[in-house]
Amino acid sequence: MKKGDSSADSWSFSVVIETKTELWKKLVLVPCKHCLEHRNMPEDFWGGYGIVLDAGSSHTNLYVYEWPAEKENDTGVVQQVEVCKVEGPGISGYSQTTEKAGPSLVQCLRQAEGVIPLKQHQETPVYLGATAGMRLLRLENKDAAEKVLSSVEKTLRSAPFNFQGARIISGQEEGAYGWITINYLLGNFKQSGWKKFLHSLKSVSETSGALDLGGASTQITFVPDEISSESPQNLLYFRLYGKDYRVYTHSFLCYGKDQALQQKLARDLQSTENSSLFDPCFHQGYQRTISVSNFFKNPCTSVEKKQFPFSQLHIEGEGNYEKCRRNIQNLFNKTDCPYSSCSFNGIYLPPLQGDFGAFSAFYFVMNFLNLTSDDPFTLDEVASAIKKFCARPWHEVKLQYHQIKEKYLSEYCFSGAYILSLLENGYEFTTENWKRIHFLGKIGSSDAGWTLGYMLNLTNMIPAEEPPAPPLSYGSYVGLMVLCSLVLVSVILLAWLLFHKPKCLQKGVV
Ligand SMILES: Nc1ccn([C@@H]2O[C@H](COP(=O)(O)OP(=O)(O)O)[C@@H](O)[C@H]2O)c(=O)n1
Ligand SMILES: [Ca+2]
């Protein structure tokens, strides 16, 4: 397998998109910020529900979305009303006990039953999309991956909802649906008034790019300034709301933050004859032991496999940010580029364009490091904050954040350094365009992520064509009638004055 290349499953999405566009004609897309607040809407306005399970490499989240019942005025907005974190590992973690994958979801499905009114359970669609953890398991053990999916399907079918499918989505879909989600929530698809006018002059960027960092893969998706057809597998075409979008996307398998760490450790192992290793990306005083034999079963590290005279590797932290950055840099092969420009590993990347929303682990890590304030930090400020954090001794970090699990806490230094390396070295963001990256967890009440875009697509809630202007509301109708009546009365009065001039105004009368 070529790392960072998801072309194997790239065809599926183009097919899905092209066949779907014909169907995208049902509901008008009215983004959140143009709508009344959910809580201000009459109770019977909200009606439909949908459930999406995001089966990620590290864990599964169940999302419940809600949308207006009133479709006749062709307006509506979909909102997240519930999120439930499934206990235990991601579904790919059940490769040895596949029959337990489905039952792990039961508790969250019960929670969704409590949120959705009973009479709507049967008509509520439920989808499960599995991402990079399952893509890796499928590469490593296809049979186990199929059994895990059968187990989750069995559980979802036994829930009182309308089961619509449980599948592994491609990296391209993950990137595209994340881009759709954030632009839907930001209100970028449907524009009106001056914004539409400005966009027609092409003076402002219309959509935001999407940067998604998971545990096992990472996605970059945006509308480039110039479209080249150098790498067709990275281009997607959408027609949304009467407008065409040519979108660049790429998903790097094995470049989520957890798999990137595994890759880094595998490389470090190559250069040691010893069963112990100093690691600059862990805090000074931190120690971890890993089993060497299990380590190379993973498709992200298997290319680095060699025979070692020891079965356990002992790692000790050094807390050296600069050394850690240099170490991580080796994960990005920048030497060969068969295109006009590349990110890394010979993958095409057009020049970066516009604003970017960075979510999922990009947000979790930066938020932990207090680097997500509204007044954005410069690239230098971010680098020095991470450097300072990495230099703190482990006992001090552990004391301050005693509520956070040791496994996660110990990896924030690496994750912070990795995020900067990926953005600065991988994608080549500069001091200048760094300010255009916005780290965001939620937009309104909805989490930023691929799930909402996935559901909007599968429920045909994004129209391909701009719908006709909605009929007037009752208030506007009454106002218009009053205005027309006033105009009519004025015209009659004027005519009467002209043709029946009062005697006092007639010529000769003083
Ligand atoms: N509160 C949270 C939740 C997740 N995470 C991390 O965010 C990443 C989420 O990845 P994921 O499970 O969606 O994996 P993919 O299948 O998207 O690659 C993992 O590395 C989690 O450890 C975090 O740092 N803080
Ligand atoms: Ca994810």
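Backbone N, Cα and C define each Cβ position, glycine as well.
Every protein chain shown contributes to the tally, and the Cβ of Glu174 (active site, proton acceptor) ends up with 30 other Cβ atoms within 10 Å. TrEMBL lists Glu174 with the feature active site, proton acceptor.
Of all Cβ atoms in the shown protein chains, 28 besides its own fall within 10 Å of the Cβ of Ala216 (ATP binding site). What TrEMBL records for Gly215, Ala216, Ser217, Thr218, Gln219 is ATP binding site.
The transmembrane segment annotation in TrEMBL covers 477-499.
For the binding-site residues shown (Thr218, Gln219), fewest C-beta neighbours within 10 angstroms: Gln219. With a CB cut-off of under 6 A applied against ligand 2, none of the binding-site residues Ala216, Ser217, Gln219 are retained. Residues Gly215, Ala216, Ser217, Thr218, Gln219 make up the record's ATP site, and a Cβ search at 8 Å around their centroid adds Ser57, Thr131, Ala132, Gly171, Glu174, Asp212, Leu213, Gly214, Ser251, Phe252, Leu253, Tyr255, Gly256, Lys257, Gln259 from the same chain. All protein chains shown were included, and the count of other CB atoms within 10 Å of the CB of Ser217 (ATP binding site) stands at 28.
Ser217 (ATP binding site) sits 10 Å from Glu174 (active site, proton acceptor), taking the Cα positions as reference.
Under a cutoff of 8 A between CB atoms, and with a sequence separation of 6+ in the same chain, the neighbours of Gly215 (ATP binding site) are Gly56, Ser57, Ser58, Gly90, Ala132, Gly133, Gly256, Lys257, Asp258, Gln259, Ala361.
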